[in-house]
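Participant: Here's the feature list from TrEMBL:
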- 1-78: domain 'DUF4218' (DOMAIN)
- 239-300: domain 'DUF4216' (DOMAIN)
Amino acid sequence: MEHLVIHLARELELGGPVQYRWMYLYERYMFHLKKMVKNLSKVEGSIVAQMINEETSNFAEYYFPTEVQTKNRRPARHDDRGERATYHVTVPDIFTDVGRLSGKPKDRRLTEQERSHLQTYLLTNCEDILQYERIFMAEKRFEYRYATEEALEELKQREFAGWMLTYVSAGMARGETFDDWIREMVRGPKYVVKSYPRFCTRGYAFTTQKRRRSSTTYDAGVCSASGDDVYYGNIQEIMEIKYPGMVGLRCTVFFCDWYDNTPDRGVRTDAFGVTSVHSRRKLQYYDPFILASQADQVIKYTYVNYSE
């Protein structure tokens, strides 16, 4: 098998494009015709009769309304239906992502650390909250004038969610008005979430690492770009997050196990554009959540180990 790359190139050089010399397609079609035989004493007649039925069915389906699903017009296996979540009020885009959860759900209770980190992550990834984030950072820069940007980012991670709840509550006490979804979002998500084994969106079929172990395909690998940095990881859980209230905010997030993305330490890209990820080096800080709309699917396979 190690010589396969040489044999394939040599075969292409001698034989030209494969579609002009392969019999695979015709053999498959002959197998399809042979399955039509019902009367072994009249093989040709059976094939003709079944072909007439097949052609009639294919011709007739063009006269059905477009909403009627037929064999040739049925949705693809990984179809996400293209439907966004609807609400009776206008909400941010992170709560209207397109996707379809699949499989049997399980209830799962978030820990205090997970819920706090998730709430901060959703707030900082919501464009409509950006104006309040600027106010928070301006206050902290004035309060901690000599703090570094890294220290301010850590402070935002710890205190922004609580500050946002206090800011909205104090504003409402003064008579200010806030949108319904903001009043519900600042209170935080429910502790109990639904965990699903599969999620289809944008043509991808994401699965969890646990489900992947019993599957022949690899659908648990994800990557996400943040500025100039690209993070690679595996999906551990697919969660449907819901907020209590009349609006009923909900979104899908991935709980991931991330690899160290430090250049030349955790991730390397060679001259041919192949990215190598050190599977034993994990991300040093706690940041497991990612929105499903921010994830791209990647496939991983065992590669030669490089020396450290």
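Placed from the backbone N, Cα and C atoms, the Cβ positions cover glycine too.
Those TrEMBL annotations? Automatic predictions, nothing curated.
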Participant: Can you tell me how the residues of the domain 'DUF4218' (1-78) break down into helix, strand and coil by DSSP?
Facilitator: 47 helix, 0 strand, 31 coil
Participant: Note the mean pLDDT of the domain 'DUF4216' (239-300), expressed as a whole number.
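Facilitator: For the domain 'DUF4216' (239-300), the model's average pLDDT rounds to 88.
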Participant: With DSSP as the yardstick, break the domain 'DUF4216' (239-300) down into helix, strand and coil residue counts.
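Facilitator: Going by DSSP assignments, the domain 'DUF4216' (239-300) contains 3 helix, 27 strand, 32 coil.
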